[in-house]
Amino acid sequence: YLSVGPRLRLEAALSFLLLLAGAQALVPSHRLAARDLARLRAVLERPFTDVRAAYYSIVGLSSLGVRVADEKAACKFIKSHVDSSSVESLFYAAQSIQALSGCEVTISNETRELLLAAVSEDSSVTQIFHAVGALSGFGLPLASQEALSALTARLSKEESVLTTIQALETASYLSQQADLSSIVEEIEDLVARLDDLGGVYLQFEEGIETTALFVAAAYKLSDHVGTEPAIKEDQVIQLMNAIFSKKNFETLSEAFSVARAAGSLSQNRFHLPVIVVPDGAAAVSHHQPVLRLQVTNVMSQLLTQVSVKLDQAKSVSSKATVLQHLPFTLSGDFFELNFMSVKPASGYYDFSISVDGDKRFIANKVELKVKVSTEVGITNVDLSTVDKDQSIAPKTTRVAYPAKAKGSFTADSHQNFALSFQLIDVNSGAELIPHQTFVRLHNQKTGQEVVFVAEPDSKNVYKFELDTSERKTEFDSASGTYTLYLIIGDATLENPILWNVADVVVTFPEEDAPSTVQSKNLFVPKPEIQHLFREPEKRPPTVVSNTFTALVLSPLLLLLILWIKIGANISNFSFAPSTIVFHMGHAAMLGLMYVYWTQLNMFQTLKYLAILGGITFLAGNRMLAQKAVKR
Amino acid sequence: AFPTAGVAGAAMAGSVRAVARRFLSEYGGGTAGRLKALDAFLLYVLLTGALQFGYCLGVGTFPFNSFLSGFISAVGSFILGVCLRIQINPQNKGEFQGISPERAFADFLFANTILHLVVINFVG
């Protein structure tokens, strides 16, 4: 502590900052592993069906750095299948021929005129792209400034992600003397349109094919003009993750786009993602003390002209820094570091590794979790029977792994069985606390098994005690001879242990013994549940409701009697037509009410009511007017 | 005080009976026949509603919609009948200048039609 100088403190601060930077930067989660590459090549190497398929295959394979199997046959195929009257077909032919070696073709004047005429404001962006690409592929002269103005004019009318990507690629064919900056700015606009998925993936909503084509076009144009593309480091990694997450290629165009993206991300002037791949699982042990890493680009091509350095190795459990600032040594294809030389304790370690060698590297600071395994040894294994009354001294037997104790031990109502042991790291001698320390008792006759956990005390000595009165329920009070096993296991142990230590005769008091040992079978059918249907509402007996119905109708009788008493009569009834119609209509309306109750719905009723009501109203109006006049 | 209370009570009982008899005679003489017929109708509706309510209290509200429908029919008819009675009473002629008895009756029929349309919809 006294000798901590200012220089060391500065180094500590710098490494802390480096660690922070590494922690904040995104790590690639997907790449084109060898298997994926093989699948991609298989799709691209299918026999050609037309010029378009030939273009996808040839240019795709060349992006991966692979030559077509039979170049002469490919050349002949293109020459025979190209359609000289279609700009698109000419584009595919021109680009494929450029990728093949030793394939020559002569262009007629008509074809040249056709292509030059297509480069105008009247063609769509796609047509301009194909025409410019064809002219460039055939090596024909092209007026870059005019093409650029036609392209910009057209692009402002057809604003979409795909046309913008095509414009980017078109600009990469134009001469640098034209001012391509307006097209280069489109890269930034397109990046803003990408969708961020969970902070891990970045892709266009149009899909992965579009995203891959964008990456290829953006880097092609940037390499052509010499300015770094406006894509941040994290965004490049997110794009990588999205594009290379696609492992199955249904169409040739999908495979083509992924191949081009892979090609552009492994060879451009500005951004080169690197991937650090550990050899097998990142684990070291006494038998295998060396951590081996491979550094590749996105296409799983090895990069050996780089320097790999360990910035920091920290223990996950104790957070102590075990190693700092150590370079890896290159041996063949692998970068190696002998981690066991610092004699680390077993467990997990966080390695911060940085890859340097090229200014273009991105994602070159990685975090790797390394496991250090060891072997466990059991020592000081003591088996004893302890008297509950403590009147007799405990009998202790020492056993050495992997022998079995001779004789058997008893545990009954006045004796407990006890087991104690210690676990040490065989290589360092330090005490170990593994995750799994189980004591398993197996009834030889019934096949019952009971498992307990042995707990360490403060001095890291493991103890287990079997008290028959306490453990009745676990054993179901089944007395008999049990075989005792010790199970030791952990992720960082290379030698998990299953050791038959001894036989223990366990006797439970007689009254608790079950008649038969019932095996708890979980897979028998459970008791059936009877569905309880909804109880109907409680109703009064029919007699009661019938009585009340009659009762409710009785006031009607009273009414009639009263009316007769008062002297109400229908002597003034005039048989005028309006009167008759009114009364018939009114009666019909009352009848409609009854029919509504039994059969109709509201809409039908309203319809009939409107008709009947109308008639009744008119007739009633007439009738009442006549009545009023008479009065 | 005890004998006075009895006499007063008898007098009270007697006065109640006298009032009732006087009321009935005035009613019988002073009310038009038409109104008396309407009053009989109102009494009928009242009794019907009361009986429905009593049934519901006694036996239970199931099915509730039917009870409501019937009860509201009774209450609504009663109210419309009372409106009609007020409008055709010759003693109220001053307050209903523009509404002839025929018009009142037509209104009564119309309102009853709408009421019973809703009632039948709800009775279930």
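For all residues, glycine too, the Cβ spot is worked out from N, Cα and C.
TrEMBL entries are annotated by machine, without manual review.
Here is what TrEMBL says about this protein:
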SIGNAL    A:1-25  signal peptide
DOMAIN    A:33-266  domain 'Ribophorin II N-terminal'
DOMAIN    A:380-505  domain 'Ribophorin II third'
DOMAIN    A:533-631  domain 'Ribophorin II C-terminal'
TRANSMEM  A:543-563  transmembrane segment
TRANSMEM  A:575-596  transmembrane segment
TRANSMEM  A:608-625  transmembrane segment
Compute the average pLDDT of the predicted model within the domain 'Ribophorin II N-terminal' (A:33-266).
90
By DSSP, what is the split of the domain 'Ribophorin II C-terminal' (A:533-631) into helix, strand and coil residues?
76 helix, 0 strand, 23 coil
Counts by DSSP class (helix H/G/I, strand E/B, coil) across the domain 'Ribophorin II third' (A:380-505):
4 helix, 70 strand, 52 coil
